[in-house]
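What follows is a set of notes on a single structure, which appears directly below.
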Amino acid sequence: KPSREGAGVVLDAGIDKISITWKLSSTGSKKEAEFKTIKVKLCYAPPSQVDRPWRKTHDELFKDKTCPHKIVARPYDKTTQSIDWILERDIPTGTYFVRAYAVDEHDHEVAFGQSTNEAKTTSLFSVQAISGRHKSLDIASVCFSVFSVLALLVFFVNEKRKAKIEQSK
Amino acid sequence: MGDPTGEPGSSMHGVTGREQSFAFSVASPIVHTDKTAKFDLPVDTEHKATVFKLFSFSKPHMRTFHLSWISFSTCFVSTFAAAPLVPIIRENLNLTKQDIGNAGVASVSGSIFSRLVMGAVCDLLGPRYGCAFLVMLSAPTVFSMSFVSGAAGFITVRFMIGFCLATFVSCQYWMSTMFNSQIIGLVNGTAAGWGNMGGGITQLLMPIVYEIIRRAGASAFTAWRIAFFVPGWLHIIMGILVLTLGQDLPDGNRAALEKSGEVAKDKFGKIMWYAVTNYRTWIFVLLYGYSMGVELSTDNVIAEYFFDRFHLKLHTAGLIAACFGMANFFARPAGGWASDFSAKYFGMRGRLWTLWIIQTAGGLFCVWLGRANTLVTAVVAMVLFSLGAQAACGATFAIVPFVSRRALGIISGLTGAGGNFGSGLTQLIFFSTSHFTTEEGLTWMGVMIVACTFPVTLIHFPQWGSMFLPPSKDPVKSTEEHYYGSEWTEQEKEKNMHQGSLRFAKNAKSEGGRRVRSASTPPDNTPNNV
């Protein structure tokens, strides 16, 4: 659950947190004995996958690119687990949900649960990425650009002046 | 034997990979060496070097060579600097596949126009200032990556950076003021090939710079912006070096150029007419779009492709992508050499077959690249594809000088622009939409290369033949003199304006192949005497 709720709220990467809680579902699981670790990941919802083949969902798990962002990995515990996670600064802008994969000792995923429904349409939240821009960077950029243009002009004018002096001799 | 007074710009033809395989020096007795001149290299009467000493920095000739190819290479580095960083940039700017594709198209489109303008700039200001102006005025465009915050900005900046690829023109022009026309082929080809390598160097350089900046503590979305400062600084450094260490002519700077202000010896309109009405020009424009063009397109997509398809780390993908561009170091000259070699036995027909075979092979390897499912096969296919495409570039410009003598500069320029145009078109069709996955795009690009190379079969020279047809049997039309003379009107011939073309025609007879060479006995049948 995001720290701020409401329609149209957009979370800021690097600033806002999400609160995640997970436990074994009430219907139980046949493979519970194999659960070794629980890996919680941040996943792209369908709107953020449109026109972006590098985030595509594949049936084959090792090809699947839906959930690239790791949140936390904890050893499996029967009790309810939760974490408050600050959205990291390299999370891109988009719509997301959370998924928890249960992996066995060979690191194979055997089960998972997610914060949204099967069609991935409910309980999605939006994140706004940092821009990556900095005032200091902008200033440095302008300085070097100006230097480049000025240096060129200075050379040019100087040489023209020298040529004129030569010619008048 | 050729025109030793090759005016600046007239030797633009020399963008071949290699016109004469062993032409490291001018052996002709007709080119008088000036023994009174005090240069490190032997020079002719215009003080242009007659020897190409690769590992020397002697002033002014070899120094010009190195300044020139390095500045050109720097522009390739900055034009394609975004490509290996796209996996990071696309997340920062929330780009879609279309945005990335459009930016790629934009990066090669700007120079279609700037290359055409650059010729005039070199005529007006000289190649030294032409190069320095372009390199230093485009430095701000590279730095402005720090301001980009969305797709529109990204596309615009890549478009503006792309203008600097016109240094190709200043590079070749500058070489022709410094090197004798008999070796200009090799010199220009090496300069062009090594310049193109910048597209490979950048795939390696940018991910490494990015990695270092990240480790120094910057976040991902800031680090890539800082990384762009490196190519930006290279622009400034090269610009200053060109201004301080370079000179326009062997004897000094522009002051001397005033004397030869007769730069426009021929009328631009006439030259343009002969360039445009020669159907071979347009076939080469198409062909180069599918050798150089696909090379540029691949520079833009290949790192991202390996990153996504084979789940590699950014710098590993960059390393593999770099191999593509770096192959230019020897592949382009090798293509020119292969053309020369086949011309020895089969003349122009050999050159045409060589070009067709190499470029078609490149296309087939491209198809294989698109279909490769494992990393190893993909890398092998990519390397073979790069050799094919780049050697084809060299082989193309081994033939272009023979298409026309009078309009050589413009035809070379049009062909070069065709390369960029082909690149833009290919990226637009295959790599900017969701219609094709990148691997499908590569496959279809390969098919298109094979299809668009087919028109080589249509290139026919009455004096030498074509791939499938022998030379004309007509006693008048089958001479080289007639072909090159037909570019001049009767009035112009009366004024003897066509003498240069006639001299060229005489030397071009070697393109008849072995039977012609054995029949005649001139000591040095080098075609690069323009």
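For all residues, glycine too, the Cβ spot is worked out from N, Cα and C.
TrEMBL annotations: computationally assigned, not manually curated.
Listed in TrEMBL:
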- B:518-530: compositional bias 'Polar residues' (COMPBIAS)
- B:489-530: region 'Disordered' (REGION)
- B:67-88: transmembrane segment (TRANSMEM)
- B:129-148: transmembrane segment (TRANSMEM)
- B:154-174: transmembrane segment (TRANSMEM)
- B:186-210: transmembrane segment (TRANSMEM)
- B:222-245: transmembrane segment (TRANSMEM)
- B:271-290: transmembrane segment (TRANSMEM)
- B:310-331: transmembrane segment (TRANSMEM)
- B:352-370: transmembrane segment (TRANSMEM)
- B:376-400: transmembrane segment (TRANSMEM)
- B:407-430: transmembrane segment (TRANSMEM)
- B:442-461: transmembrane segment (TRANSMEM)
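The list of residues near the transmembrane segment (B:186-210) in space but at least 6 beyond its ends in sequence, with Cβ under 8 angstroms from a Cβ of it, reads 11, 14-20, 23-24, 52, 54, 65, 68-69, 72-81, 83-85, 88, 167-168, 171-172, 175-176, 179, 223-224, 227, 230-231, 295-296, 299, 302-303, 314-315, 317-319, 321-333, 336, 390, 393-394, 397. Here the listed stretches are B:67-88, B:222-245, B:271-290, B:352-370, B:407-430, and the one with the most C-beta pairs under 8 angstroms to the transmembrane segment (B:310-331) is B:67-88. Taking every listed stretch (B:222-245, B:271-290, B:352-370) in turn, the largest tally of C-beta pairs under 8 A with the transmembrane segment (B:442-461) is reached by B:352-370. For the transmembrane segment (B:222-245), same-chain residues at least 6 beyond its ends with a Cβ under 8 Å from one of its own Cβ atoms are 59, 63, 67, 70-71, 74-75, 77-78, 81, 85, 88-89, 92, 128, 131-132, 135-136, 138-139, 142-143, 145-146, 148, 164, 202, 205-206, 209-210, 213-214. Same-chain residues lying 6+ beyond the ends of the transmembrane segment (B:376-400) with a Cβ under 8 Å from its Cβ atoms: 13, 15-19, 189, 192-193, 196, 284, 287-288, 291-292, 294-295, 298, 302, 306, 309-310, 320, 323-325, 327-328, 331-340, 343, 348, 351-352, 354-355, 358-359, 361-366, 368-369, 408, 411-412, 415, 419, 446, 449, 453, 459.
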